[in-house]
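The structure under discussion appears below in the form of structure tokens.
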Amino acid sequence: MSDLQGRKVFKVFNQDFIVDERYNVTKELGQGAYGIVCAATNVHTGEGVAIKKVTNVFSKKILAKRALREIKLLQHFRGHRNITCLYDMDIPRPDNFNETYLYEELMECDLAAIIRSGQPLTDAHFQSFIYQILCGLKYIHSANVLHRDLKPGNLLVNADCELKICDFGLARGFSIDPEENAGYMTEYVATRWYRAPEIMLSFQSYTKAIDVWSVGCILAELLGGRPFFKGRDYVDQLNQILHYLGTPNEETLSRIGSPRAQEYVRNLPFMPKIPFQRLFPNANPDALDLLDRMLAFDPASRISVEEALEHPYLHIWHDASDEPTCPTTFDFHFEVVDDVQEMRKMIYDEVVRFRNLVRQQSQAQAAAAAQQQQQQIAQQTNVPIPDHQQGGWKQEEPKPQEVHAAGGHVNDLESSLQRGMDVQ
């Protein structure tokens, strides 16, 4: 193992998992199409981290682009309290490598597991979760970035209800110019249940409102204890949205970019909107008002993140001075790169640069800590470290999977809705 100097090998989900020698793997957390995740502990400090092994990075161009995007965005958003923190990265075998390791903040579970567990949640929990999602989203949007895959499974939570947004692999840039936005919906495969209707219906442009729709779906899921628009396929997804929200007005219908989808909606019988109070009779009226504004069918009528933060439902949490924006916008120019080998070099360079950065920071922090320790010794102080209880939810269920379309139900329309803005 001379080629793995300074590292150790563990078996995680029957795969070699190569970690920095400072860490011991303690628990398998999950596996999916993009890799495997485990919990690990720093043997010197006792600090826990989540280590994600991103596998088969260069087997497909789309996977390489997704990995590069995730790495860049996690660095750009590093430091916001409601976005998962990237601690370190590693490429143990850099020669023609096909996997990358990301060391991230360790959280206890995701919001999907909490909802599925049936653990009793109060209105105060709902307010806290939605507020934190919006704070993170405000920061993301201010960098001209759309997350595009907000769902309970991508919201990490601790026992103290601290929430952090993760998984930026599907994120895209946002421009005020609609022409620039129109081309960005290629390969858009976000979870169907949280996908805004304007994506399926191929509106001529898209906005930050697509993420607000997803937050509305999450709020409805919290209120009801289950996914709100749980379509079996894309046609059923659209039908469920129309069933609850009612038939769109003519101005909205005219902006549906897919002729097939527009014809389908126009040929449906008129449907009135079902009041959310009837669907969630025990909910806080302010929660239902916010939900109504988030789940506006027309994106132009949907509430913005900034407006949502000022909504009465969140007044107990809202503090404009403590809801920062990102100091710099994110540069998506790397998206034009199509050569896999060039992306391989870009990922390697990102990892090396970040590793050097965090190690320089760590050395500076260690020096400062040593100086502080010397001062404490000189003052003969002895402050005990508190013993925090490691409580919380223990669910180990897999994250919700997409429900595949059942059969050839309105095949042409289904294909049109699935591809969204690719259909022009």
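Using N, Cα and C of the backbone, Cβ positions are placed for all residues, glycine too.
Counting only same-chain residues at least 6 apart in sequence, those with a Cβ under 8 Å from the Cβ of Gly35 (ATP binding site) are Lys52, Lys53, Val54, Thr55, Glu99. Look at Swiss-Prot and you will find Leu29, Gly30, Gln31, Gly32, Ala33, Tyr34, Gly35, Ile36, Val37, Lys52 tagged as ATP binding site, backed by sequence analysis.
Residues belonging to the domain 'Protein kinase' (23-314) score a mean pLDDT of 92 in the model. Feature annotation from Swiss-Prot assigns domain 'Protein kinase' to 23-314; the stated evidence is sequence analysis.
Annotation comment: Swiss-Prot describes 375-424 as region 'Disordered'.
Here Val37 (ATP binding site) comes close to Leu29, Gly30, Gln31, Ala50, Ile51, Lys52, Lys53: these same-chain residues lie at least six apart in sequence, with C-beta atoms under 8 angstroms from its C-beta.
Binding-site extent for ATP: residues Leu29, Gly30, Gln31, Gly32, Ala33, Tyr34, Gly35, Ile36, Val37, Lys52, maximum pairwise Cα distance 14 Å (rounded to the nearest whole number). Those residues of the chain, other than Leu29, Gly30, Gln31, Gly32, Ala33, Tyr34, Gly35, Ile36, Val37, Lys52, with a C-beta within 8 angstroms of the mean position of the ATP site C-beta atoms are Lys53. DSSP assigns Ala33 (ATP binding site) to coil in the three-state reduction, outside any helix or strand. Taking a C-beta cut-off of under 8 Å and a sequence gap of six or more, Ala33 (ATP binding site) has no contacts in its own chain. Counting every protein chain shown, the number of other Cβ atoms lying within 10 Å of the Cβ of Gln31 (ATP binding site) is 17.
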